[in-house]
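What Swiss-Prot records for this protein:
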BINDING   21, 126, 127, 166, 167, 168, 169, 177, 207, 208, 209  dUMP binding site
BINDING   51, 169, 263  (6R)-5,10-methylene-5,6,7,8-tetrahydrofolate binding site
ACT_SITE  146  active site, nucleophile
């Protein structure tokens, strides 16, 4: 995960001080790209411990089309608590847009099923895309999508994915985002009988919050360790049938976790 540490250092060296929606303040750069060859290991940050349970359950929750935090709470995941209303609802966030994007004529488009069908039947298409950025529903969402748009690409029997993330909390959020989409690529590849290729991450407003500086310097002082390996124990009938128990991370030996406040 050298690329991730290099990004942190770049934001420290080149970032512009900016105000933000949360009132916390950031150092920010605009436009950055990282590429992870998923054949070389699972891109889970090793310079601090990442909470893999939260990453897996959040992705399964997205794939369910769920937008209420009850499922997350049932599995001891609290990463969405700050944005939920008193009933646990978040409005039409990621899961809704991925699985039931509303059309003007009253239909709903299941984008995940659509891209799976494209990967199986038209893998050379340049339109294998999922968008969470539904302009017509942004004002109903508890939080506008940060990781907003992703595209799949098949070449030489390998599945790659590029994500555009319009806003990126480099210290807290980005390790989750990288691991989550890498996991999704592995799942999609298994469902389509493909090998994994690259995960390409592209960031817009890429920032470190002002109250994450000490934590960032601590993380940069640590030496990265070898990447772990992802093992998927079974192949379900559908992308929507995976369970938490289907995934195992082998050889994950991270440095200790680093606590930091969430900007809300």
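Don't overthink the numbers, they just go from 1 along the chain as shown.
Heads up, the Cβ atoms here are built off N, Cα and C, so glycines get one too.
Feature map: annotations from Swiss-Prot on the structure.
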residue	record	DSSP class
21	dUMP binding site	coil
51	(6R)-5,10-methylene-5,6,7,8-tetrahydrofolate binding site	coil
127	dUMP binding site	coil
146	active site, nucleophile	coil
167	dUMP binding site	strand
207	dUMP binding site	strand
263	(6R)-5,10-methylene-5,6,7,8-tetrahydrofolate binding site	coil
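Cα to Cα, residue 263 ((6R)-5,10-methylene-5,6,7,8-tetrahydrofolate binding site) and residue 209 (dUMP binding site) are separated by 8 Å. Separation of the C-alpha atoms of residue 146 (active site, nucleophile) and residue 209 (dUMP binding site): 15 Å, rounded to the nearest whole number. Spacing of residue 127 (dUMP binding site) relative to residue 51 ((6R)-5,10-methylene-5,6,7,8-tetrahydrofolate binding site) is 33 Å (Cα to Cα, whole number). The Cβ of residue 169 (dUMP binding site) has 23 other Cβ atoms within 10 Å, all protein chains considered. Of the listed recorded positions, namely 21, 146, the sparsest Cβ surroundings within 10 Å are found at 21. The binding-site residues 51, 127, 207 differ in how many other CB atoms lie within 10 Å of their CB, and the one with the most is 207. The maximal spread of the dUMP binding site, taken as the longest Cα to Cα distance among 21, 126, 127, 166, 167, 168, 169, 177, 207, 208, 209, is 36 Å.
Between the alpha carbons (Cα) of residue 169 (dUMP binding site) and residue 51 ((6R)-5,10-methylene-5,6,7,8-tetrahydrofolate binding site) lies a span of roughly 16 Å. Around the Cβ of residue 167 (dUMP binding site), 20 further Cβ atoms fall within 10 Å across all displayed protein chains.
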